[in-house]
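Below is one structure, written out as structure tokens, with a few remarks after it.
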Amino acid sequence: MTSGTRKTGGDGARRNDKYRILSLDGGGLRTLLSIGLLKRIDQLRPGFLDQVDLVAGTSAGAISALIIAAAREPAVGLEQARQIWFTPGLFDSPLSNQLGALVGQSALMPSENMARALTHILGDKTLRDLKRKVVIPAFQLDDGDPDEDRRGWRPRIFHNFPGDTFVNLDDYLVDLALRSSSLPIVSPVHQGYVDGGLFANNPTMSAVAQAIYAKAADVRDILVFSLGTGDSVDYLDGYNENWGWRKWLLDPKQPMAFVAATIEAGVEAIDFQAKMLLPRGNYWREDPVVPFNLGNSVEAQIATLDRVVKRHDLSKVLEWVENSGWQPKATQETASGAQREFSGESGEARS
């Protein structure tokens with residue numbers, strides 16, 4: 001698709017020829033930051049979420065992406081994606097898990113709690129049931145190739161574009177969410193898969209590549225809004241240090257530093273690639289700075305994230321939404337009127 005006018009979305013509204021991708025990073029509980037910012041943007045620019053053609057998400061972002069894509073309206077799905085993190089008992093870890101994790105014999109958190117919460121929202125829906133396109137990275141531990149010389153682990157992309165013999169459109173959304181969000185050491189392996197953040201915690205380029213490969217859009221027509229889960233500005237103070245696995249994995253100040261550094265480096269690399277490869281003005285990434293220590297409890301961490309969401313300046317994001325063609329002009333005019341009613345002024349709502 002390189003020109004012309006498309007019809008898309010449940011309302012049948014006429015659209016320009018842009019192909020809009022919403023990309024959601026992984027980040028565990030910190031996904032509440034991206035959800036909160038999206039909610040503010042959709043309030044200030046009503047219809048913003050309705051314009052999305054493809055939702056990409058990794059790990060916790062995959063949970064949000066699948067819930068949004070499965071909902072009757074994206075805004076409803078966004079609220080469901082937020083509420084799942086308030087499910088009673090979601091973060092409970094039995095003593096047996098804690099002891100097993102301490103000696104390296106088991107994952108810290110059981111997956112059953114999240115599985116139940118996901119099933120409550122998604123039920124038995126499959127990829128085939130989705131009206132919007134999705135892209136969900138997960139890492140396969142064994143591809144089962146009968147040729148032992150070629151057998152190995154593989155990065156995988158689950159999606160609902162037609163024509164891919166690897167993808168099973170009858171896969172349950174709950175299973176896809178768990179495959180993409182099973183972080184090693186923290187969560188058990190799910191159906192032979194672990195967290196997609198091992199190779200694409202920022203799923204932007206996975207989504208762009210899949211859309212182009214499926215001939216859903218020409219690169220010139222693709223718009224991407226990429227949301228991080230907060231830049232905590234981590235670092236390790238060292239120069240020629242002779243560190244072993246204890247420092248890289250078990251430092252109480254920065255546990256799992258090696259894993260965090262690997263994942264976060266990939267996020268920034270993908271951001272740079274998207275900026276360079278997508279046409280100027282077609283890509284926007286928002287990833288507010290957050291404190292390194294969000295808090296010592298789940299409640300404290302949520303409160304910190306909520307404060308960041310409320311205080312974060314969205315003026316440049318809203319300007320990009322208007323200038324990029326994300327919303328057709330008529331929709332923008334309606335959104336501007338709704339914004340003035342929402343905020344009581346012509347600028348962004350005050351926090």
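Glycine is treated like the rest: Cβ placed from N, Cα and C.
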Between the candidate ranges 12-16, 57-61, 322-326, where does TrEMBL place the motif 'GXSXG' annotation?
57-61
Per-residue pLDDT averaged over the domain 'PNPLA' (22-208) comes to what?
95
Using DSSP, how many residues of the motif 'GXSXG' (57-61) fall into helix, strand and coil, respectively?
2 helix, 1 strand, 2 coil
Around Asp195 (active site, proton acceptor), how many other C-beta atoms are within 10 angstroms of its C-beta?
28
Which same-chain residues, if any, lie at least 6 apart from Ser59 (active site, nucleophile) yet have Cβ under 8 Å of it:
Asp25, Gly26, Gly27, Gly28, Ser180, Ser181, Leu183, Asp195, Gly196, Gly197, Asn201
